[in-house]
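Engineer: Marked as active site, proton donor by Swiss-Prot: Cys118. Annotated phosphoenolpyruvate binding site per Swiss-Prot: Lys22, Asn23, in sequence order. Look at Swiss-Prot and you will find Arg94, Arg123, Pro124, Ile125, Glu126, Leu127, Asp310, Val332 tagged as UDP-N-acetyl-alpha-D-glucosamine binding site. Under the heading 2-(S-cysteinyl)pyruvic acid O-phosphothioketal, Swiss-Prot lists Cys118.
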Amino acid sequence: MDKIVVKGGKKLKGEVNINTAKNSVLPIIAGSILATDGVLINELPMLQDVFTICNVMEQLGYDLKIDKKENKLIVPPLNKDPLIPSEDLVKKMRASFLIMGPMIAKYGEFKLARPGGCNIGSRPIELHLKGLRALGAEDSNCGNGFVCIKAKKLTGSKIYLDFPSVGATENIMMAATMAKGTTVIENAAQEPEITDLINFLNSMGAKIYIEKPGKIIIEGVDSLTSTEYTPIYDRIEAGTFMVAAAITGSEIKINGVNKDHCSAIISKLKEAGTEFFDIHNDENSIIVKGNEEIKPINIKTMPYPGYPTDMQSQMMSLLSIAKGSSIITESVFENRFMNVDELRRMGANIQVEGRTALIEGVDNLTGCEVKATDLRAGAALILAGLVAKGETIVTDIYHIDRGYVEIENKFRALGADISRI
C-alpha cells in the first residue's frame, strides 16, 4: 500500500492550480441521470471518489466515456432498464446514495445498498428518505443492507429539513425536478456546491431558484435535456493550500479560488496572522503569505456560510504550532478528532473533551509514521509534515486520494520534499 513521505523544513514558493470541486462533481454526475440526452462535464478531477461514482453509474448500465487527457466526462442517456449497483461498490462512498433521487424521479423504483465513506461520524440517510417520502415515495428495508424505494408519481411538497444536510438537499432537489407541482425545501443547505448543482440542473431545463438563504423552490418540469457544464473550483483544496502557506511561513499563488466561497477560511487564517493579496485583473487567483508567528484562534465548525468542517483538521495542524492556546469546537461531525492521536505522536499538545479540542501550541513538531484516518485528516498530516523536524510517513493514503488529485506532485512543484512510495 502506498505511503507519502514528507521531509519537513522546506519553504514553499510558486503557484498551484486548484481542481474543480469533488463535492460538486459527484452530485452533478448523479444528476446526469435525469437528462434525456447526453451530458458533458468539463474539467473532471481525476479522484478516486469520482471513479467510484462513475463505476456506480456503469453498473447501472451507463456507457460512460472518461477522457483523462482532456479531463472530460460524457454521460450518454440510458436506453434500457437500470441495473442494481453492487453492495461492495456503493459502500465505498456515501455519495453513491445521490443517485437515489434522480433514479426515483426518472424510473419510479429503485434498490440501493446503504452507502459508506469516511468514518467521521453519524450521517444518517433518514433525512434523504424523509424528503423523498414527502414527495410521494415509499421506502422499505429489503434485506441485506439494501433500501428499496418506489413511487407511482412524485408530487411537489413543502419539506423542512431538521438539519441543513448537503446530501439530503441535493437528493430531494434532484427528485423534485420532475415532480408534479412545486416543491419548497426549508432549512436547506446553503453550500456553494448546492448552488452549483442548481445551476447545472437549470442548464438542463429545470426550474429551481433560491428564494432566500436556506429556502429553495423547485417547479417540476416534464423532462430535462442535454447540457455541457463546468463545475466550480474546490474551496477545500484551495483552503488546504492556504494553510500550507500559513504553516510553512511561505508565499504562494493559488489559482482557481472563489474568494466568496472561501470567506470563512480566509477570515480565520487572517486572524491567525496569514496575509492575503488580490491580483489585479485575476479574480480567480490569490497570493497567500504566511508569517513566522502563528497566532492562536478559536474556531467552531458550522454549516455554510460558517467555517467548514472539511477544513477543521487542516487548521488543527496549523494551530498546533501557534504561539498560545486555541480552541476548536466541532459541531457538525462527532468523530472528526481522529487525527488528534496522530498529531500527538508528532509532539502536538492537544486535549479533547467531547466535541471540543484545546490546542496548546508547541515550538516544533517531529516527524514520525502516522496514519490518515480519513480524507481531510490525511491532508492535515501532510501539512504537519511540511513543518515537522525530520521525516513524516503518512500511511493509508487511499483516503487522501479520494479528494486530492496527486497532492504530492502539487506540493513538490511548490518546493516541498515529498514523495509517494
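Quick reminder: no glycine exception, Cβ is built from N, Cα and C everywhere.
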Engineer: Round to the nearest Å and give the CA-to-CA distance linking Asn23 (phosphoenolpyruvate binding site) with Ile125 (UDP-N-acetyl-alpha-D-glucosamine binding site).
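Structural biologist: For Asn23 (phosphoenolpyruvate binding site) versus Ile125 (UDP-N-acetyl-alpha-D-glucosamine binding site), the Cα atoms are 17 Å apart.
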Engineer: Measuring Cα to Cα, how many angstrom lie between Leu127 (UDP-N-acetyl-alpha-D-glucosamine binding site) and Lys22 (phosphoenolpyruvate binding site)?
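Structural biologist: Distance (Cα to Cα, whole Å): 22 Å.
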Engineer: Tell me the coarse DSSP state (helix, strand, coil) of Val332 (UDP-N-acetyl-alpha-D-glucosamine binding site).
Structural biologist: coil
Engineer: Would you mind reading off the Cα separation of Val332 (UDP-N-acetyl-alpha-D-glucosamine binding site) from Lys22 (phosphoenolpyruvate binding site), to the nearest angstrom?
Structural biologist: 19
Engineer: Tell me the Cβ contacts of Asp310 (UDP-N-acetyl-alpha-D-glucosamine binding site) under 8 Å, same chain only and six or more apart in sequence, or just say none.
Structural biologist: Ile236, Arg376
Engineer: If one measures from the C-alpha of Ile125 (UDP-N-acetyl-alpha-D-glucosamine binding site) to the C-alpha of Lys22 (phosphoenolpyruvate binding site), what distance in angstrom results, rounded to a whole number?
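Structural biologist: Ile125 (UDP-N-acetyl-alpha-D-glucosamine binding site) to Lys22 (phosphoenolpyruvate binding site), Cα-Cα distance: 20 Å.
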Engineer: Just to confirm: which same-chain residues, 6+ apart in sequence, have a Cβ under 8 Å from the Cβ of Lys22 (phosphoenolpyruvate binding site)?
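Structural biologist: For Lys22 (phosphoenolpyruvate binding site), the qualifying residues are Pro45, Leu47, Asp49, Val50, Asp234, Arg402, Gly403.
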Engineer: Could you tally the C-beta atoms, other than its own, that fall within 10 angstroms of the C-beta of Val332 (UDP-N-acetyl-alpha-D-glucosamine binding site)?
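Structural biologist: Taking every protein chain into account, the count is 20.
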